[in-house]
Amino acid sequence: MWRHGERCVIFAVAAAALLAAAAAAAGGRDDRHTYIVHMSHSAMPNDFVEHGEWYAASLQAVSEAATVLYTYDTLVHGYSARLTRAEAEALESQPGVLIVNPEVRYELHTTRTPEFLGLDGTDALFPQSSTGSDVIIGVLDTGVWPERPSYDDTGFGPVPAGWKGECEKGNDFNASACNKKLIGARFFLTGYEAAKGPVDTSKESRSPRDNDGHGTHTSSTAAGGAVQGADLLGYASGTAKGMAPRARVATYKVCWVGGCFSSDILKAMEVAVTDGVDVLSLSLGGGTADYYRDSIAVGAFSAMEKGIFVSCSAGNAGPGAATLSNGAPWITTVGAGTIDRDFPAYVTLGNGKNYTGVSLYSGKPLPTTPVPLIYAGNASNSSMGQLCMSGSLIPEKVAGKIVLCDRGTNARVQKGFIVKDAGGAGMILANTAANGEELVADAHILPGSGVGEKAGNAIRDYAMSDPEATATIVFAGTKVGIQPSPVVAAFSSRGPNTVTPSVLKPDIIAPGVNILAAWSGSVGPSGIAGDSRRVGFNIISGTSMSCPHVSGLAALLRAAHPEWSPAAIRSALMTTAYTEYPNGNGILDVATGRPATPLDVGAGHVDPGKAVDPGLVYDITTADYVDFLCALKYGPMQIATLTKRSSDGCAADRTYAESALNYPSFAVTFPAGGGTVKHTRTVTNVGPPGTYKVAASAAAGGTPVAVSVEPSTLSFSKAGEKRSYTVSFAAPAKPSGTNGFGRLVWSSDHHVVASPIAATWN
């Protein structure tokens, strides 16, 4: 199942789809694919009364067979249709057509976190949170399991008067499933069914109902109400609640067994905005592309213009560089870190060596006496036998034994099913170099423990060298207070931003490892079809989990500061984030064991208690973003695809600079030979009167990067005042094989406003 794959290498999926389309066209076949056609709204000829008529006529001009799948009227202007490559190219030359984009298939990026984030006293930190139930979070995902107590509406007042959403009926889902907490539930599948055929209702509901679990998990993480006695199979017991438990939730099902398609996603974003959401949360991605070709970026731009905060997951393709998606500057891009809770499962070998792994197994334990241990590679006739793939194990060799499987290729939990089916008694899942020491707990179907690469290598050496090798696994339940925490998850996708390196991404990290939240009633905790267990809550990991944390925090900030723009909310989250532990050491990256850099964590780890009172914010207007698009040398039609206005153009007599975007971070690019680069910024006072002084430094390895700020002091006499400053970065020729990192901090008597610096050389 695609959500539980080892690595959600989303960009490869998207690229493969586009290459397949190109290959089909090159082969001369009349294959049809979905395209999203962006139209210039003001260019409609006078012959037409309705834009829909014009859209249909433009389509008929190039294809007699094609029909309109969706029309788009709010976030974008245009429609989607199934076309051949030749028809799409012909359509792009039609009057009034801005651009024709091929559809992209997107993939999902898949109780203690309120306490870990300091939100156990939410009402004290955010006094408005108890009365801020008019804030609405829209979640685009796999739907919702509405019967979960996380969506209980006890204590909620009437649905906000301006709400236009609906609770759509479908098979296995009634309109009565919504209430004053879950105020909307819709589903979108026209694009999906056009590409994949009708939904198989024996496998998933043709309705807003969540048969996967991912959507229920993300929406309850963002805004689930408090549920006492929550746990997964006895693990992580306690009270589970979302980041904004008083916020309302509206869910938009756009992801199905075969993936999430951009025509559906764009329509769902449009409907969500029309419905009246305040926050959009998308734990999915589809690789990277110029922003006018990225449907999420296009939809998010218009949502931003309407004051809606858009939060997206960075992706699970880490720890490699330049692996993140959703990098548009009007989107808040979220990476993942750990919390201070773990689920240890101790492995003891017959040679007396002990290793600590993790597990969420809950069932009959292994015997207390040692159990024979065998390496899967020695129990298979397959060249890939070490991976415990389906049908790869020889039952006679694994029966009654603990099997050591290497991680990779197939889902972690699926390996346990394969071991069990072959007669194995237990499993040790060993990380390889691709995963290092990162440990992600799984609800294994048999006694199993996941161990890091070093432990895996040692256990493998023992199993291969001793024909009488034995092992035992002891499950130690839930442990809290784990230090250091947070650490950056190895799977969390990293910068730099490949579309616009001048914008540092990710923006921030939030809890995304071993997160407990509500779950679907139609699938087991492993997500594997053969898992007959049913649970009310599940523990899973991914930037899919960190994204709704930030979405919920944004809802809290919206309730506390309804006048703030989406950029101001993101600025508050970024400039108050932390990058060090209390002892002064930098947050660690589990992939390297060394302190993380801004390319790993952006501004750092969210700190909501400080974000509510940031002192200063870096605000960004729509006009600022248009100037940024001009700096990217986007043409009139490309800009109009994002803004929907042909009047948004670039003046010939102006000089535009990417470095002028008023972002709360600094991504500095030097010529290979070094030089000086200047960035300008403007801060807005949202706190009391005060004077701020600056401190800034950066270095690339042992090579300092000179940072000077003018002016070095900013004074504010009242809220709302703005002050600008210029930063000059000077560096010598490119140091060997390293980037530069640093921090710029404005400090007053009451506030610290920090921005990360990342420097690269061409």
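One is the number of the first residue shown, and numbering goes on along the chain from there.
Using N, Cα and C of the backbone, Cβ positions are placed for all residues, glycine too.
These features come from TrEMBL:
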type	residues	note
SIGNAL	1-24	signal peptide
DOMAIN	34-109	domain 'Inhibitor I9'
DOMAIN	132-582	domain 'Peptidase S8/S53'
ACT_SITE	D141	active site, charge relay system
REGION	198-223	region 'Disordered'
COMPBIAS	201-215	compositional bias 'Basic and acidic residues'
ACT_SITE	H214	active site, charge relay system
DOMAIN	387-459	domain 'PA'
ACT_SITE	S544	active site, charge relay system
DOMAIN	661-758	domain 'Subtilisin-like protease fibronectin type-III'
Summarise the region 'Disordered' (198-223) as counts of helix, strand and coil residues per DSSP. 10 helix, 1 strand, 15 coil
Quick tally, other C-beta within 10 angstroms, D141, H214, S544; top of the active-site residues is S544
For S544 (active site, charge relay system) and H214 (active site, charge relay system), what Cα-Cα distance in Å is obtained after rounding to a whole number? 8
Which whole-number value in Å describes the distance between the Cα atoms of D141 (active site, charge relay system) and H214 (active site, charge relay system)? 7
Could you give me three numbers for the domain 'Subtilisin-like protease fibronectin type-III' (661-758), the DSSP helix, strand and coil residue counts? 0 helix, 64 strand, 34 coil
